[in-house]
Amino acid sequence: MKQIIDRYDSHSKTLQKSEAPSQLQSHVDDSTCARLREELAESSLKLRQMRGEELQRLSIQQLQELEKTLESGLGSVLKTKSQKILDEINCLERKRMQLIEENSRLKEQVTRMARIERQLGADSEVVYDEGQSSESVTNASYPRPPADTDDGGSDTSLRLGLPLFNSK
């Protein structure tokens, strides 16, 4: 019986010891929560004041400090905005230069193709499959745009080469 009472007493003491820190922890949590609520309220008020709300309670000195803070923030915003605009301009300038280079390369390629076509037209004979006319070969290779003549006559021109070098 004595052993049972001793175990009960030791167990009760253990429970009391474990309850004391939880009460202390609860008090610490409450004070932390209260402090955070105060900080939140203060920060909310400052934010509203930065938006131009609830300024009536501020003194002239507080208004000047607020103005200085806002001017500093505006300066940072303008600086960041200017930098982003300059970065975008530089990016667009690089793209412009790439497009100019690509355009030059394509013009050179078209010029080479035109030169090759002229050489082929002047230097070589056209070999047709059996039963093909020169018109069917030309039409199959380079389709002719629709005739846009007003006199209603037939188109008798010979078209060789790329369609963008047509005589019309």
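Every residue gets a Cβ built from N, Cα and C, even glycine.
Features reported for this protein in TrEMBL:
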COILED    82-119  coiled coil
COMPBIAS  1-12  compositional bias 'Basic and acidic residues'
COMPBIAS  13-26  compositional bias 'Polar residues'
COMPBIAS  131-141  compositional bias 'Polar residues'
DOMAIN    26-119  domain 'K-box'
REGION    1-30  region 'Disordered'
REGION    121-168  region 'Disordered'
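Taken through DSSP, the compositional bias 'Basic and acidic residues' (1-12) splits into 11 helix, 0 strand, 1 coil. Looking only at the domain 'K-box' (26-119), the predicted model's pLDDT averages out at 92.
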